[in-house]
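Listed in Swiss-Prot for this protein:
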| type | residues | note |
| --- | --- | --- |
| TRANSMEM | 8-28 | transmembrane segment |
| TRANSMEM | 37-57 | transmembrane segment |
| TRANSMEM | 64-84 | transmembrane segment |
| TRANSMEM | 91-111 | transmembrane segment |
| TRANSMEM | 118-138 | transmembrane segment |
| TRANSMEM | 154-174 | transmembrane segment |
| TRANSMEM | 179-199 | transmembrane segment |
Amino acid sequence: MSTEPAPLLALDLTGTFAFGLNGALTAVRAARLDVVGVVVLGMITALGGGVIRDVLIDSLPPAAFLDWRYYTLAAAGGLLAFAVSRHLRRLEPAITVLDAVGLSTFAVIGASKALDAGLAVVPAMLLGVITAVGGGTIRDTLVGRIPTVLRTGLYAIPALAGAAVTVATTETGVYGLPAALGAAAVCFLIRMLGLHFGINAPEPPETRPSGGGTRRQK
């Protein structure tokens with residue numbers, strides 16, 4: 001069983017279910033899969049980032065394999081996604097919110113666990129981001145999509161912000177659920193505001209064809 005403090009464990013399990021449901025719904029949207037494929041991809045989304053984190057901080061076996069609640073909630077999210085997949089178009093807003101919830105909670109938990117393992121500030125922030133985006137990256141790769149974290153839109157940046165707030169509050173001696181929720185809220189708000197206003201991370205300038213190529217219409 002997990003040895004996390006109860007408030008952080010509750011946050012971690014919430015993110016696990018949210019990412020399991022979101023990951024499975026995203027998989028249904030991207031590829032035609034049977035129930036096994038949907039559940040497996042939901043579990044990969046929910047557990048993949050945490051497994052990568054635990055391997056990197058040498059916390060083995062990973063927490064996802066030691067506590068039945070993690071894989072049970074991830075699988076439950078996948079099964080629920082399969083059950084409601086016929087209403088996928090109407091669920092688009094829910095998919096977006098669930099993704100932001102999972103991203104936020106995992107960024108906070110990942111950074112917190114990295115600090116507990118003795119990592120310095122910058123590595124802890126990076127592990128927070130890896131925890132948040134790792135599972136979704138594996139899922140997207142398996143269904144043949146460019147991973148969400150590599151496409152336009154704010155994704156890794158909100159996770160980094162949430163991890164940074166977690167590190168800052170911990171380093172100043174502020175712990176517990178209020179601090180974790182505050183850090184998660186920062187990540188969630190940046191992600192949702194970025195989507196609402198269409199804010200993207202900086203992109204390289206477009207390359208223009210040499211010679212007499214036609215100009216793109218704006």
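Backbone N, Cα and C define each Cβ position, glycine as well.
Among the recorded stretches 8-28, 91-111, 118-138, 179-199, the one sharing the largest number of Cβ pairs closer than 8 Å with the transmembrane segment (64-84) is 8-28. Within the chain carrying the transmembrane segment (179-199), a Cβ under 8 angstroms from the stretch's Cβ atoms is held by residues 7-8, 11, 96-97, 99-101, 103-105, 107-109, 111-112, 132, 153-155, 157-159, 161-163, 165-166, 169-170, all 6 or more beyond its ends.
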